[in-house]
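J.: Here it is, the structure in full.
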Amino acid sequence: MANSNNQLLKEIRFDWNKEEILEILNMPLIDLMWESQTIHRKFNKYDIQLASLFSVKTGGCEENCSYCSQSIYSASEIKSHPQFQVEEVLARAQIAKKEGADRFCMGWAWREIRDGKSFNAMLEMVSGVRDLGMEACVTAGMLTEEQAARLADAGLTAYNHNLDTSPEHYKNIITTRTYQDRLDTIKRVRNAGINVCCGGIIGLGETNGDRASLLKVLSNMNPHPESVPINSLVAIEGTGLEDNQEIDSIEMIRMIATARILMPKSKIRLSAGREKLSKEAQILCFQCGANSIFYGDELLTTSNPSFQSDRKLLKEVGVSFNKDFETREKTLSSL
């Protein structure tokens, strides 16, 4: 590897090139894991953030993302749902907090935020979640500068807007929104003073070069995204990518480790597809730098490890987390 470990530890960079990233991504696995854990332990406490994700409005999205069952272009049989009421969402957030989550993420299957009753309700939800003492994150598509400012005023902690894949591979995945649209949205979020949550998906038919290119875009953002969700494709029947093969867990470990090396202080979130990983693979991801997970039985329209299995896993690993949930019997799936 061109950079020694000492060089990697000296500074946080925002000028990575694709060749450097590919070299890291393709390192012998044991060396890669050692590099990433060394950096992780230097910059971060050894704990795991528990983030609960709730689909506030499900289905009917106007985008044609080929991996997504919520798209109007998908033939998937999902249960669409109109926007939940503010009180229902805050009740869900309250139970998530009691179960141990300290971030509550809310998702809307929209192309973009539109002013009006639904947006006003979103602002109430954000404010209500913050009043519970939790971090609040929203993912709802594109937004304007004014909307970003109003979300900031409501107390929004972070806005999620993933890049999905590399600029080069992007056109093979979605055509109803450009890569630049995504970057512009992220800029508006950042200009409003809201933390950026931005990551991608592996298993979309991309090459290793595409993965390096995606990580280049993310790691050259200054500052780095506050949190970086790394997802593996959950191939859903009826979507354009329903026949894609599952990725090997080693590929996820490599992606997590490389992201940690490139973005030492970001929360690297082990996200969709985690249910397919063995307990041992998840532990290796934590060792390599993953320090956040989505917590609860469902991620929008895909399944997730159960509350009980995550509680057991975290205890076995010995990481620190919010222990308020240990005496609770009600689970997120009981709502």
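Any Cβ shown, glycine's included, is placed from N, Cα and C.
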J.: Name the residue, out of Cys137, Cys285, Cys288, that Swiss-Prot lists for the same [2Fe-2S] cluster site as Cys105, Cys197, Arg269, please.
T.: Cys137
J.: If the [2Fe-2S] cluster site is taken as the center of the Cβ atoms of Cys105, Cys137, Cys197, Arg269, which further residues of that chain fall within 8 Å of it by their Cβ?
T.: Ala51, Leu53, Arg103, Thr139, Ala158, Asn160, Ser227, Pro229, Ser292
J.: What does DSSP say about Arg269 ([2Fe-2S] cluster binding site): helix, strand or coil?
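T.: The three-state answer is strand.
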J.: How big is the gap, in Å, between the Cα of Cys61 ([4Fe-4S] cluster binding site) and that of Cys137 ([2Fe-2S] cluster binding site), rounded to a whole number?
T.: 19
J.: Do you know which of the binding-site residues Cys65, Cys68, Cys137, Cys197 has the most other C-beta atoms within 10 angstroms of its C-beta?
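T.: Result of the Cβ crowding comparison: Cys197.
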J.: Taking just the CA atoms, what is the gap between Cys197 ([2Fe-2S] cluster binding site) and Cys65 ([4Fe-4S] cluster binding site) in Å?
T.: 19
